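As written in TrEMBL, here are the features:
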- J:ARG103: active site (ACT_SITE)
- J:GLU106: active site (ACT_SITE)
- J:SER129: active site (ACT_SITE)
- J:90-162: domain 'Cyanate lyase C-terminal' (DOMAIN)
10 protein chains.
Amino acid sequence: MTSKPLATLDTSLIPRLPQSYVTLFEAKKNKKLSFEDIAKHVGREEVIIAAIFYGQAMASPEDIQKLSELLEIPQDVLESQLSGYPDRGRTMDMPPKEPLIYRLYEIVQNYGYAYKAVLNEKFGDGIMSAISFSTKVEKETDDKGDWAVITLRGKWLPYSRF
Amino acid sequence: MTSKPLATLDTSLIPRLPQSYVTLFEAKKNKKLSFEDIAKHVGREEVIIAAIFYGQAMASPEDIQKLSELLEIPQDVLESQLSGYPDRGRTMDMPPKEPLIYRLYEIVQNYGYAYKAVLNEKFGDGIMSAISFSTKVEKETDDKGDWAVITLRGKWLPYSRF
Amino acid sequence: MTSKPLATLDTSLIPRLPQSYVTLFEAKKNKKLSFEDIAKHVGREEVIIAAIFYGQAMASPEDIQKLSELLEIPQDVLESQLSGYPDRGRTMDMPPKEPLIYRLYEIVQNYGYAYKAVLNEKFGDGIMSAISFSTKVEKETDDKGDWAVITLRGKWLPYSRF
Amino acid sequence: MTSKPLATLDTSLIPRLPQSYVTLFEAKKNKKLSFEDIAKHVGREEVIIAAIFYGQAMASPEDIQKLSELLEIPQDVLESQLSGYPDRGRTMDMPPKEPLIYRLYEIVQNYGYAYKAVLNEKFGDGIMSAISFSTKVEKETDDKGDWAVITLRGKWLPYSRF
Amino acid sequence: MTSKPLATLDTSLIPRLPQSYVTLFEAKKNKKLSFEDIAKHVGREEVIIAAIFYGQAMASPEDIQKLSELLEIPQDVLESQLSGYPDRGRTMDMPPKEPLIYRLYEIVQNYGYAYKAVLNEKFGDGIMSAISFSTKVEKETDDKGDWAVITLRGKWLPYSRF
Amino acid sequence: MTSKPLATLDTSLIPRLPQSYVTLFEAKKNKKLSFEDIAKHVGREEVIIAAIFYGQAMASPEDIQKLSELLEIPQDVLESQLSGYPDRGRTMDMPPKEPLIYRLYEIVQNYGYAYKAVLNEKFGDGIMSAISFSTKVEKETDDKGDWAVITLRGKWLPYSRF
Amino acid sequence: MTSKPLATLDTSLIPRLPQSYVTLFEAKKNKKLSFEDIAKHVGREEVIIAAIFYGQAMASPEDIQKLSELLEIPQDVLESQLSGYPDRGRTMDMPPKEPLIYRLYEIVQNYGYAYKAVLNEKFGDGIMSAISFSTKVEKETDDKGDWAVITLRGKWLPYSRF
Amino acid sequence: MTSKPLATLDTSLIPRLPQSYVTLFEAKKNKKLSFEDIAKHVGREEVIIAAIFYGQAMASPEDIQKLSELLEIPQDVLESQLSGYPDRGRTMDMPPKEPLIYRLYEIVQNYGYAYKAVLNEKFGDGIMSAISFSTKVEKETDDKGDWAVITLRGKWLPYSRF
Amino acid sequence: MTSKPLATLDTSLIPRLPQSYVTLFEAKKNKKLSFEDIAKHVGREEVIIAAIFYGQAMASPEDIQKLSELLEIPQDVLESQLSGYPDRGRTMDMPPKEPLIYRLYEIVQNYGYAYKAVLNEKFGDGIMSAISFSTKVEKETDDKGDWAVITLRGKWLPYSRF
Amino acid sequence: MTSKPLATLDTSLIPRLPQSYVTLFEAKKNKKLSFEDIAKHVGREEVIIAAIFYGQAMASPEDIQKLSELLEIPQDVLESQLSGYPDRGRTMDMPPKEPLIYRLYEIVQNYGYAYKAVLNEKFGDGIMSAISFSTKVEKETDDKGDWAVITLRGKWLPYSRF
């Protein structure tokens with residue numbers, strides 16, 4: 001658990017999000033829970049829990065049950081609100097204007113061809129899946145300060161021969 | 001060294017690249033060297049070596065000397081061609097059309113707000129630097145197949161108070 | 001084999017294509033071969049053969065050998081030109097202006113959410129892969145005229161749980 | 001009938017849809033009906049039923065009557081709401097951000113010229129109609145997993161001579 | 001008068017239209033009047049009547065009086081609502097996504113330079129006015145089916161010499 | 001035949017056009033032929049002849065023969081250059097900047113929904129084809145000056161029921 | 001004073017305008033005042049008065065007092081609503097779709113470089129200010145009809161030497 | 001005649017201009033002629049002369065003869081190069097990046113609706129023509145410095161009634 | 001303290017801002033406080049105080065306490081509203097339309113490469129941070145008038161070697 | 001004079017620059033001169049010298065003479081090449097992709113409204129000129145590292161009253 005302020009929902013994003021997510025963020029704020037706290041309770045990674053809150057990932061029935069317990073939102077309410085398939089990508093305008101997210105975009109812009117060349121030489125012709133995929137965020141600290149480490153791990157999919 | 005075909009320069013990219021890079025790619029192809037081979041010789045990461053080839057990173061004088069040796073390009077030619085500061089980002093149109101690079105872009109599009117929320121809760125208000133930054137690509141294999149693992153590691157920069 | 005005129009390379013596309021493809025199209029034209037003829041000789045689908053000609057798919061060493069035979073282009077020339085990993089997507093501006101290609105784009109625009117809803121209900125949360133994927137074009141004729149039938153077949157990839 | 005969760009309407013899409021469609025989705029959710037269930041009752045393809053729900057296709061008087069029966073929405077309400085000509089394409093921003101729909105878009109982006117070349121050689125100068133057109137989605141399963149198969153069938157329209 | 005269903009206002013267009021137009025469309029729907037019916041009563045072309053309904057053309061005082069009679073909307077209400085100068089073009093996003101309207105756009109995209117060359121040779125250097133302009137839609141039927149005929153008639157304006 | 005100056009090829013368009021078209025325009029200029037002259041000789045409409053010159057329409061073998069005669073370009077040269085399927089739409093940036101062409105675009109922008117409403121009421125749900133389509137340009141003169149009349153005639157295609 | 005209908009506020013523009021402007025337009029409509037009437041009363045140019053109504057220019061305290069008198073809006077209401085610094089440019093999407101405004105835009109598009117060349121030769125290296133600037137609209141009539149004359153007068157600002 | 005440096009052709013614009021214009025600018029530079037000098041000789045406005053040099057206006061046979069005399073370019077060369085109808089608008093990217101031209105664009109962006117309202121009240125529903133149009137640039141000097149005055153004068157075109 | 005009118009919130013920006021900011025601006029207006037007044041009380045720079053009001057910077061607990069005192073907004077209300085991490089960049093459309101902000105954008109557009117070259121020569125390969133960064137605005141007056149001076153001060157970040 | 005590598009011209013920018021600038025950069029590289037060296041010799045700021053090299057500022061006759069001396073380029077060559085008025089802004093695509101330049105753009109994006117509010121309160125309604133303007137870059141070093149300081153100083157231009 002962290003002593004930093006908690007992430008809350010920017011209210012200007014609300015029109016882009018299914019209304020149920022407002023409820024999730026409200027409960028998180030009232031309960032003073034970090035995504036790390038919630039992730040531990042649900043048994044999933046912090047990033048995917050945050051993605052569920054932003055309408056970018058699907059909660060399983062078990063996830064809904066655990067979120068219901070922890071956030072004290074009636075389970076049938078949450079079930080009704082979270083059961084649909086997410087319409088991913090709608091919260092974000094590209095290119096991103098938020099400096100933190102832009103830095104990730106810039107990494108793709110600058111190193112995109114380098115990643116492609118290295119991945120092709122290691123794996124052949126194909127892609128790294130963003131679906132059969134997981135990601136996590138870690139914090140490292142050394143004498144120069146804090147470092148954020150983001151790991152992207154995706155299944156390699158070779159192009160089918162046809 | 002890999003037995004996959006080597007990455008070569010797509011000739012349609014040439015107008016977007018400083019002309020010297022054509023020479024680098026030609027030499028790499030003729031010498032049948034992978035980026036892994038070159039990275040080992042130069043003592044840097046594969047991704048950054050590929051980034052140098054695509055004009056997205058700067059080669060130090062030592063890098064130039066080692067590239068000159070390995071690729072058998074006269075050192076003064078390489079020095080003259082690679083000594084400038086890169087004009088980063090020009091090779092890539094955004095959104096990327098290449099499926100492999102698009103998948104990375106999609107990760108930013110879909111998980112951008114989730115990364116921001118988790119990073120903010122772990123580190124406070126700031127960004128993960130894309131400059132004071134390193135990245136690497138690894139290959140893992142399990143019974144489900146091959147997995148590409150990309151690690152992004154950047155210094156955390158808090159917003160200055162003023 | 002068809003008696004329709006053969007597809008040739010629009011010369012205004014040349015700057016967007018690796019130069020080698022000009023050679024392929026020249027040889028095809030001179031030999032008066034349709035993509036169907038070439039596909040039969042190489043043992044692959046017509047669409048993927050055309051995709052190779054437009055720099056959108058990779059030719060295997062066997063493909064290169066068979067193309068070399070049929071088109072009477074020296075094998076080492078073709079090997080040197082076609083061995084790289086394609087930089088896919090660069091030939092096409094989106095939205096497409098060509099009426100034939102626009103119709104396909106329009107199908108995605110109009111039926112995109114309908115496909116998503118039906119696929120989600122049939123398969124759950126995930127995507128149809130465009131990499132682990134094949135496609136073909138067929139012609140049907142009935143008393144109302146000719147019909148083009150395009151089949152898209154992709155592996156279903158469920159989102160990983162993490 | 002499928003045991004997967006049912007597709008529901010993402011509430012953030014509502015401002016882009018005629019209000020009546022909210023009612024349709026509500027009724028579908030309450031009745032726990034899949035598009036397959038509805039398609040069987042109405043006697044049309046699943047994709048076109050979903051397209052009607054998303055305001056992308058027109059319901060005939062008979063369709064309205066059958067939807068009214070199955071969904072238990074008064075027929076005159078449905079008639080009043082669904083009788084207009086759809087203003088197609090308004091729900092979708094292009095390029096699509098949703099990963100599932102993007103994959104279809106990517107197929108057009110990468111294989112567009114290949115489809116055109118093959119279709120031209122098979123049919124001559126013209127287009128495959130997206131109006132005099134039908135489409136369906138099927139599921140195949142083999143030892144490698146599940147496969148989605150989308151079929152597009154359109155009338156070939158040759159350019160008029162004038 | 002036609003037996004086809006009548007055109008109604010897509011409710012998702014409402015935010016782009018002055019609110020008064022909602023009233024017009026409501027009255028048209030309740031009275032079961034086609035644009036042809038209204039055009040006959042008002043004594044103007046169908047297209048311009050529809051354009052008035054979509055806020056793309058200005059109604060004269062006489063038009064308002066006749067619309068008021070036929071649609072049974074109090075004249076002062078209509079006068080107050082329709083008396084302003086239209087802010088043309090706001091209903092339409094370009095490129096148009098609606099397939100019917102896109103076809104018209106495509107004609108401009110494909111034949112634009114051809115129209116220009118032919119008009120220049122017939123009239124000299126100038127333009128065909130879209131203001132000092134009229135248009136109409138007609139239906140023709142032959143053994144091949146129905147044909148829509150759209151006529152555009154604009155004053156030729158030569159560039160002034162200065 | 002007209003006494004206005006003839007349309008010639010703007011040389012800045014050349015990079016967007018297959019190179020053969022330069023030859024066509026050169027011959028037209030040297031022969032001092034208007035599109036009307038050429039259209040009469042070939043037996044087709046002026047607009048479509050101009051469209052062929054701009055790479056927006058396909059010439060049949062008979063067209064090529066007649067163009068060869070009239071323009072005194074060797075038939076095999078013309079055959080080799082004009083035999084491919086046009087990659088339509090590439091000459092034009094949208095929105096068009098040329099005032100003459102912009103006026104046509106503006107007509108679609110302003111009257112698009114009006115045309116749709118009137119066509120739907122006359123024909124039902126469908127589109128006017130831009131493929132099974134013809135168009136012509138005429139000149140009318142009255143006491144107010146010259147008028148350009150453009151006629152668009154397209155087959156009505158109803159949406160298929162499926 | 002003019003006998004033409006008065007300009008009123010297109011209600012679809014309201015979301016782009018500070019709410020106070022709705023009040024201004026309402027009062028203008030009820031009082032049946034033209035911008036010319038208001039300009040005379042306030043002692044400023046018509047264009048700038050209209051610009052104030054559209055939130056594109058700042059009203060001075062004296063302007064507010066005079067507007068309050070003429071439009072019979074309580075002065076403190078108007079003061080509270082109009083005292084901020086305008087956020088200029090938000091009402092207009094560029095390129096403009098409205099035909100009247102597009103014509104002005106087209107003049108910049110077509111004659112922009114010509115204006116620059118002539119201004120540079122007359123004044124040297126610099127710009128014509130759009131801030132230290134005034135503009136007016138006049139009407140001229142001759143035997144050919146009515147002419148609109150727009151005058152733009154801006155201070156010449158030479159680039160500073162540093 | 002001015003003592004300011006003369007405007008010359010930015011060589012990076014050359015690919016957007018018909019090649020003949022390079023010749024015109026070369027001759028102007030060698031002869032050290034301002035657009036004012038040329039305008040006086042040809043008997044037209046400076047702006048339109050500059051527009052001819054940038055390929056945005058058509059030169060009449062008399063203009064060509066006078067330009068030929070003054071610039072000492074053989075008349076048949078100039079006739080051959082300038083006789084076509086200009087493809088207007090191609091030199092300029094919008095929004096303009098050049099500060100001088102941007103200021104004109106900004107005037108349209110900020111005052112566009114104000115001009116429309118004032119013009120509508122003065123003239124009714126219609127537009128100010130940009131074709132039946134003239135413009136001039138003048139210099140005024142007072143104790144505050146130099147002022148550029150641009151006058152736009154266009155025929156008022158009322159919308160046709162149909 | 002200044003005698004100029006105070007900056008207030010343009011109400012059309014409200015949908016882009018978290019709702020709490022409306023309260024801040026209301027209180028500022030009612031208290032008749034300039035940003036300079038508030039900055040002095042809080043002990044931070046004027047620009048960052050304004051940035052907090054526009055949702056572009058984070059207020060620390062101490063800032064919130066001081067804002068609460070000065071603006072007489074209950075501290076718990078302000079804490080609840082301002083405690084989240086800002087979603088920066090959402091208020092601004094790029095390119096900016098507001099003339100004042102556009103001038104800053106234009107400086108980047110015109111001098112961007114010059115800044116880069118000079119910074120690279122002074123510091124090597126890297127960037128000036130916009131996060132580890134401060135900025136201030138000052139007013140200077142001389143006999144030519146008033147001058148605005150904006151200072152940007154950012155930490156130099158060299159690219160990491162990896 | 002600095003010991004950092006010198007800035008050179010990225011060859012991929014050449015098509016966007018007047019050709020003469022290639023010569024300038026070549027001479028700078030051969031003479032091993034920094035912009036600081038050149039600025040001292042010419043007696044102007046480093047940034048404006050770099051801007052001249054990138055075609056974004058005009059060199060005076062004296063500047064040309066001094067550049068000619070220092071760079072040993074014949075004066076008449078330089079005069080002929082640099083005498084025109086710059087077509088500013090053409091080298092830069094916006095948003096900038098280069099990370100260093102993007103950071104400046106981001107400052108405008110994030111602090112734009114804050115700058116506007118503070119400047120308005122200090123100066124009233126107007127803009128900071130980017131023409132009657134100077135800028136400089138300085139380096140500061142403290143125990144935390146190096147800091148880049150960019151100063152922007154522009155004349156305040158109040159909106160004219162008219």
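Positions of Cβ are set from backbone N, Cα and C atoms, glycine also.
Taking CA atoms as the reference points, J:GLU106 (active site) and J:SER129 (active site) are 20 Å apart. Proximity to chain D (Cβ-Cβ under 8 A) holds for none of the active-site residues J:ARG103, J:GLU106, J:SER129. Listed active-site residues: J:ARG103, J:SER129; maximum Cβ neighbour count within 10 Å falls on J:ARG103. Counting residues per DSSP class in helix, strand and coil order gives 25 helix, 31 strand, 17 coil for the domain 'Cyanate lyase C-terminal' (J:90-162). The predicted model assigns the domain 'Cyanate lyase C-terminal' (J:90-162) a mean pLDDT of 96. A simple way to gauge crowding: the CB of J:GLU106 (active site) has 23 other CB atoms within 10 angstroms, across all the protein chains here. Here the CA atom of J:SER129 (active site) lies 21 Å from the CA atom of J:ARG103 (active site).
Listed active-site residues (J:ARG103, J:GLU106, J:SER129) with a CB under 8 Å from any chain G CB: J:SER129.
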